[in-house]
Amino acid sequence: MSSKRPNQLLFPPKIIVGLGLRKSHSFDVENGPSGQGRSPLDGGSPSSALVLQNLPQRRESFLYRSDSDYELSPKSMSRHSSMQSEVTQHAEDLIVTPFAQILASLRSVRANYINLTNVPNKERTRRGSSDRHAHGLLNQASMSPQHHQLSPGASRGSEDGYMKLATETLEELDWCMEQLETIQTHRSVSDMASSKFKRMLNRELSHFAESSKSGNQIAEYICSTYLDKQQELDLPTLKVDHVDTVVKAKNIDKTRPMCQISGLRKLKHANSFTGIVPTHGVETPYKEELTKILNDIDKWGIDIFKVNEFSNNRPLTCVTYTIFQERELLKTFNIAPHTLVTYMMHVEDHYHRDTPYHNAIHAADVTQSTHVLLSATALENVFTDLEILAAIFACTIHDVDHPGLTNQYLIQTSSELALMYNDESVLENHHLAVAFKLLQEENCDILDKLTKKQRQSFRKMVIDMVLATDMSKHMTLLADLKTMVETKKVAGSGVLLLDNYQDRIQVLQNMVHCADLSNPTKPLEIYKTWVDRVMAEFFKQGDQERLLGLDISPMCDRHTATIEKSQVGFIDYIVHPLWETWADLVYPDAQEILDTLEDNRDWYHASIPISPSSSFCSTKTEEEEKFHFHVEEEVESHSSAESEQSVIRVPAANQEANCTHLETTPASTESSNGHLDPVSNSNSKKTAVE
């Protein structure tokens with residue numbers, strides 16, 4: 001009797017204009033909502049809130065495609081009809097996260113129960129909504145759909161309709177029970193969404209990998225970079241042919257002593273600024289040009305490479321100083337201007353200028369992007385000054401002392417950092433250690449006027465945000481945010497109260513993550529420059545892996561091709577789902593950003609070259625060059641819903657030979673204006689993902 005469960009459920013939008021609630025700004029990150037000496041981690045009564053809006057129809061990511069091959073469901077049409085809202089003037093939204101779907105089904109069961117039994121329809125009392133004003137907001141919209149009563153006494157002439165509704169209601173309830181039975185007690189409900197999204201991504205990447213040899217390498221990169229390996233241990237495994245299980249590096253120096261915090265260098269600017277600090281924090285012969293471009297510091301997509309050029313190669317210092325001035329953070333936290341500049345110059349000196357991508361220009365770009373995202377109308381008065389300070393600070397230091405190598409490389413080579421941090425978010429932990437150590441240097445403590453409690457809260461928030469920039473946490477961040485947004489929509493309130501630390505830091509983590517993955521949302525020429533840079537960095541790692549006798553990481557072999565296809569895959573499977581969810585949260589503020597992202601995706605898609613035949617440049621047959629995927633299904637006796645989960649392991653050994661461009665391309669060089677001038681043939685096709 002059961003049918004396959006659809007990937008999405010329709011639910012009515014509940015648009016609540018809670019202006020008074022939004023402007024309450026009563027959350028104290030040091031003391032909690034009440035401000036009466038509470039812990040910054042405690043929840044409490046409602047405070048600053050974020051009002052969720054209804055989104056217009058536009059291109060949707062793979063998250064909205066059918067997942068019916070994996071999930072069982074009762075009759076879907078009855079759910080769709082039961083979730084209709086009496087507010088008919090708005091279009092329907094879709095929900096894709098499992099926990100929100102469960103809530104939607106239970107609301108449907110409740111409505112059907114009322115229809116079947118003809119009991120009085122009383123509003124439910126919500127726990128945790130003691131604030132009278134907030135409680136009123138939550139209940140302005142109808143909590144249950146309106147139906148014509150179909151009680152036993154009133155429907156004897158339509159017994160079939162009565163039994164049909166009763167049967168569908170029972171199926172709906174059975175499905176909810178099955179889903180709830182699969183939840184493991186040590187995991188959050190958002191893990192249900194994370195597992196589902198990973199399953200769907202693996203299926204998409206499996207098809208993508210089969211489309212071409214280059215697709216296989218791109219899929220391998222996405223899997224190895226954006227999926228948390230620790231979490232994958234709980235998922236079914238996939239056997240891959242021709243994969244070496246043990247990777248050993250040659251010629252690695254094992255005799256170096258381990259230091260507490262590596263990468264720290266002698267400071268140069270301890271007494272640089274004892275007088276008046278320049279307008280934008282840096283001395284430059286291009287003051288007018290720098291001022292002109294920084295006048296647009298509040299706008300999305302400024303040319304950060306010109307900022308680098310006009311700031312005398314001090315983009316991070318001048319951008320951060322300008323933002324602190326713009327937001328009056330110096331005044332709010334009593335930070336001496338010369339102290340901020342001194343600290344930022346020390347931080348900037350610990351970014352490696354010879355690292356093509358993860359350098360001070362990237363840090364400045366992420367910092368400025370986060371500044372713009374914080375200024376969204378939907379987030380007005382939502383975050384405290386201390387939270388804003390922590391977010392901006394986290395962006396400035398989030399890649400400090402980055403060596404231009406991936407976490408996977410550091411782990412595979414048993415590097416000092418990997419040993420120190422036990423293979424867990426190796427670089428992210430290192431960035432934090434360096435940044436907080438630099439605060440202890442002379443004339444660098446920008447937090448010296450904060451209270452002890454403020455410093456503790458600041459440190460915790462910064463740590464949480466920077467650790468979330470580990471790209472292997474991407475799917476978890478996305479699932480957490482989407483579950484939170486959809487759960488509030490299904491609950492009928494349409495309001496994110498953000499009245500506890502976890503919800504607030506979750507939004508901030510995703511904001512910084514969006515800024516870190518914002519290159520494809522910038523003007524096309526700027527985006528293309530970032531692609532050149534990330535590929536130069538990847539190729540440097542690939543060259544080093546070749547010298548050490550390691551398997552070359554996906555996207556790091558300069559002899560492979562298809563930059564265009566890799567960007568399309570990167571946008572489709574990583575960037576678009578993330579920004580789509582963020583745009584849902586802050587609608588309509590991010591709509592132009594989404595438009596640019598889609599335009600850039602279309603440009604790269606239209607630029608994908610026709611793959612030449614490989615028959616004349618390879619002695620292997622097509623069948624030999626294909627890697628075969630054998631999925632093992634893990635069946636749990638208590639969970640039919642989880643039995644069909646699968647995860648793709650793409651072979652690390654796959655390297656596509658580019659028949660049309662086989663020469664070794666030297667690393668790109670950096671021009672004085674901050675752009676990379678590729679030394680290679682301009683017609684060569686490289687592969688880029690970031």
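Placed from the backbone N, Cα and C atoms, the Cβ positions cover glycine too.
Any TrEMBL annotation is an automated prediction that lacks curation.
Same-site candidate for Zn(2+) 1 binding, as annotated by TrEMBL with H398, D399, D516, chosen from H362, H430, H474: H362. Taking the C-alpha atom of H358 (active site, proton donor) as reference, the shortest distance to any of the binding-site residues H398, D399, D516 belongs to D399. Surrounding the centroid of the Cβ atoms of H362, H398, D399, D516, where the record places Zn(2+) 1, the chain contributes additional residues within 8 Å, namely H358, A363, V366, C395, H402, T469.
H358 (active site, proton donor) falls outside any helix or strand according to DSSP and counts as coil. Cβ neighbours within 10 Å of H362 (Zn(2+) 1 binding site), excluding its own Cβ and spanning all shown chains: 25.
Taking Cβ-Cβ distances under 8 Å and a sequence gap of 6 or more within the same chain, the neighbours of H398 (Zn(2+) 1 binding site) are A363, V366, E428, H431, M465, V466, T469, V512, D516.
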